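The structure appears below as structure tokens.
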Amino acid sequence: MPPKNNLFLILSSLLLGLSFYSYHSTRIFAPILILIIGVLFWGQIQKFSKKFIFIFLLILTVSILPLFLFLPKEAVSQRFQTTTQKARLEDIDQSIKFIRQDQDKGLKFANLIHNRRLVIAQTLFKNYLSHFNLNFLFTSGDDNLRHHIEGMGMLYLWELPLLLSGIFLIIKNRSREMLFILAWLLISPIPASFGDAVPHAIRSLNMLIALEIIVAYALVIIYQNFKYRSLFLVVSIVIFVTSLANYLHNYFSHYTIDQAFWWQFGYSQAAQESEELKEDYKKIIIDPSIEQAYIFWLFNTKYDPRIFQKNGSREHFDKYYFNAQVSASPNELFIVDAGKFPGGFEVVKTIYYPNGTKAIKIGHPK
């Protein structure tokens, strides 16, 4: 029986192509997902007319092509290197250390047992499994509080029994559609496994789609087989609304105050303060503890983009110097994380986080 609506195939090709532009991890995840679709649904795919399959492939190719033609290769490779290089160097160092220890003891086969490829493979597998850690999923999330509120993971805790039930039902019923969702879940952490920060909520964000579908699948099956459906529905709504209300309360009442550090609070204020003070100083130095500071200073000082593109750099523009050495001259203003403010300097301005703790100090040598 041929598919009822070929237009959905065409629409999916466009959306699939656009997904490559959403985030770096999708460029690894999406091709694997396409392969899984081909394996699970090959019989259904053959029912589509060759014309629509050709259109699907054409739209997918055209939508992805600009990514390879116009995006500099350095932009892709550099991003990959910055997230993986540190982890791989640590693996290689560990391999070398163990090999030398074995060689000092006169043990044979050290190069084989502690081969760097085996060490890297072990690390990647450990990184992959970390994304299925229950603390990460339900109670604490990852180490970056930009990705979640404190004390909460990727899912609500009440979703845990539904998730386990959903996985059991998928394995039991073995419908291709739900096996596809389970496969989606299993491949989602692969891109994040190469990084040095694991588990990582954003790089494995595709997991969340599959997780919620599995939870919803279990919820529907339980509802359909529950004797008192009205009671089940009321209790489910109460639990959901209560959880959502608690999340929103923590997000708007506490998160914005206690976790401002994670959102680089104070950078804009420091840039504005330095702009007001710059006429009194020959040079303004921003410490590396203020990460990617030049972006905030360009925006908040309203520096002319044309002048910056012609003469500026990430290290310097106007009176502002980023990552420069601090001198003993009182004519140089220094901006630094409050905890790293040097002795022998006079504080001109202190910027505070919303919770009252010190964020950034601005000062100069006495």
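For all residues, glycine too, the Cβ spot is worked out from N, Cα and C.
These come from TrEMBL:
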- 7-23: transmembrane segment (TRANSMEM)
- 29-45: transmembrane segment (TRANSMEM)
- 52-71: transmembrane segment (TRANSMEM)
- 153-171: transmembrane segment (TRANSMEM)
- 178-195: transmembrane segment (TRANSMEM)
- 201-223: transmembrane segment (TRANSMEM)
- 230-248: transmembrane segment (TRANSMEM)
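Taking every listed stretch (178-195, 201-223, 230-248) in turn, the largest tally of C-beta pairs under 8 A with the transmembrane segment (7-23) is reached by 201-223. Distant neighbours of the transmembrane segment (29-45): 3, 16, 19-20, 53, 176, 179-180, 183-184, 187-188, 190-191, 206; these residues of the same chain sit at least 6 beyond its ends, with a Cβ under 8 Å from one of its Cβ atoms.
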